[in-house]
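Undergrad: Got a structure for you, written out below as structure tokens; questions coming shortly.
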Amino acid sequence: GGVPPVTDLVLGATAGCLACFITNPLEVVKTRLQLQGELQPPGTYPRPYRGVLRAAVAVCQADGLRGLQKGLAAGLLYQGLMNGVRFYCYSLAEDAGWTGHPGGTVAAGAVAGAVGAIVGSPAYLVKTHLQAQTLSAMAVGHQHNHESISGAFKSIYQQHGVVGLWRGVTGAVPRVAVGSAVQLATFASAKDWVCERQWFRKGSWAAVLAGGMVSGVAVAVTMTPFDVISTRLYNQPVDADGTGKLYRGFLDCVLQISSKEGLLGLYKGIGAVYLRLGPHTVLSLFFWDKLRNM
């Protein structure tokens, strides 16, 4: 409280970028795992990426240590736009008193997250393309072969116009809305839960981190299917008119993954999603809180 919404926009963007810099390697691993074996039955395709740790090693072997920070610039842009708008909208809801009503916090978090996802969608699109790119021997998913973040934006715009920059947003909105709502609904209670069991001292950042990891279980379970769908929609190849060659939209993506890869196909990369969620949540809130106090 006590911070104007416009200030929260700047502070939220800064906090999201700081957290992104630390957790981006898990984003790269998660993207590769989610694209591996796309629309292929389990056990019928090579698996260059197996589990979070071995996948991280595989990324380093293929792209060098710097490969773990692929798409960082686009990731920072996305986090700045998405979190800035998200915190700004949530701050507006707080000032209007909406979060004081039953369920208001969850609703405000979901709406704020959805708006942030729409604004940041072009950056997430480019981030996904860049993180998927690697040597042909280790490639999974479609390879867009962009040379840089600016080149990616220019190429997409020249081929498909402004609308092309928002391709895949139908998967991003439910992903962030669901994740934001579940996170806000479980984070505080999870933090109190670990303190009640006297695992950590109340008010310590160890308790906050533990709460974030406990909350991360619920968020990972609910958000991972949306995350997989979002990654697939963003990364799929498209026709000259911008129509996806693999998926016609959100629902078609769900049906195709379920029928060809099984229901577990919707949970590819859940380990990386979970390991990223706790630290990213805590770091974002930590940096935001400290910046607010300053």
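Note: Cβ is positioned from N, Cα and C throughout, glycine not excepted.
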Undergrad: Labelled transmembrane segment by TrEMBL, one stretch among 69-88, 109-128, 169-188, 269-288. Can you tell me which?
TA: 269-288
Undergrad: Counting only residues 6+ away from its ends, which parts of the chain sit with a Cβ under 8 Å from the transmembrane segment (269-288)?
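TA: Apart from its flanks, the transmembrane segment (269-288) reaches 11-12, 14-16, 18-20, 22-23, 26-27, 29-31, 33-34, 51-52, 55, 83, 87, 183, 187, 205, 208-209, 212-213, 215-217, 219-221, 223-224, 227-228.
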